[in-house]
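Annotated features, as they stand in TrEMBL:
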- Lys127: ATP binding site (BINDING)
- 100-357: domain 'Protein kinase' (DOMAIN)
Amino acid sequence: MNINDCMSEMDRVVQVKERTNAWAADPKRRPAIAFEFFQAAHRLRTHGCADGCMEMIFAEAATAKEAALRQRALRVATRVVEQDPKYLLPDGCRISSKEIEMLKPIGEGAYGKVWAATFRGALVAVKRMRVHRVDDRLLKDFLGELALMRFLRHPHVVLLIGALSKGSDMAIVLEYCARGSLWDVLHDVDISLSWGTRVRFARQICQGMLYLHRWRPRPILHRDLKSLNILVDASMNLKISDFGWARVKAAEGDNMTGSVGTYQWMAPEVLESSEYSEKADVFSFGVVLWEILSRQPPYPGMDPVNVATQVVKNGLRPEIPPDSPRRWVSLMNRCWAQDPKDRLDFAQILEELDVFAAAIEEQKSKRYSSKERKH
């Protein structure tokens, strides 16, 4: 670049920076303005400015009040990352690939393989994706997951440690959960689960979901809650994960549309692509409660499309095992009610589970007292 070109670029940066002064006044232009500023800064190799632009774009993608603005910001973020993957995250969340030592593949997701790795001596999980081998929709989901997760801090939501890029590869670095998914634990015949443990599992999921639904400025809807998307650490604590389909709710009182998730766990209104709200996650939680109860896959042997049809038209639900605790069955029924208005919210569910846990402790205490008297 000669001196005249450089001066021209400098003038352009100044002009774009001046336009950002109107940032708050015209929210619809925010992502486009930030992208224009990013391009100018990137050409001049002023990485601090480029990082600042990405910070604005990702913040907009996660917290903008209107869904259309968040989607616009994600589209812009996709263009930036396709242009240069090193801007996957703002500088504060970026990890050098030299600090990661890959150990072994431990799973596979929509974006690519998940690896066990070490980061500064600690075990972590690394979700890898090759930018040029996925379509824009998957890349947008990947970036949407990043945009949300970098703000989330809760003991029962999986922790984002950071992200990295190397060539055309991008990766999310997450806390490591040694026991895999809740699905893995429930289907392992060598693991015995007391009712106290099952209630604890349900409470932890509920606490994590309550945190998401109380997120401000707008609730976060997970939209794909199932045992496969709930991780279990070495101490048997549960962590909600996989936020690729999660979305911030548009506005208080507004509902969302669009069919996303996995048929066997999806609410009727989502299957019909009707409007839905936080209560769609509650329906999915009802199916997870059934999984914890039965330790079986929902609707075994049924085609997922047939399941979807029957759930919508005939109110089909998984078959409840005989001799199931009445309190648990009642809670499931109030989570997966056909009409969203008849479903509990996660605050109410947590209250019910607290009562259930107290009853279990009382029974334990009575059994212990009885044994003491016999001796």
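Glycine is treated like the rest: Cβ placed from N, Cα and C.
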Worksheet item: What mean pLDDT score does the domain 'Protein kinase' (100-357) have in the model?
Response: 89
Discussion item. Counting across all protein chains present, how many other Cβ atoms fall within 10 Å of the Cβ of Lys127 (ATP binding site)?
Written reply: 24
Fill in: Where the residue listed as 'ATP binding site' sits in the secondary structure, as DSSP reduces it to three classes
strand
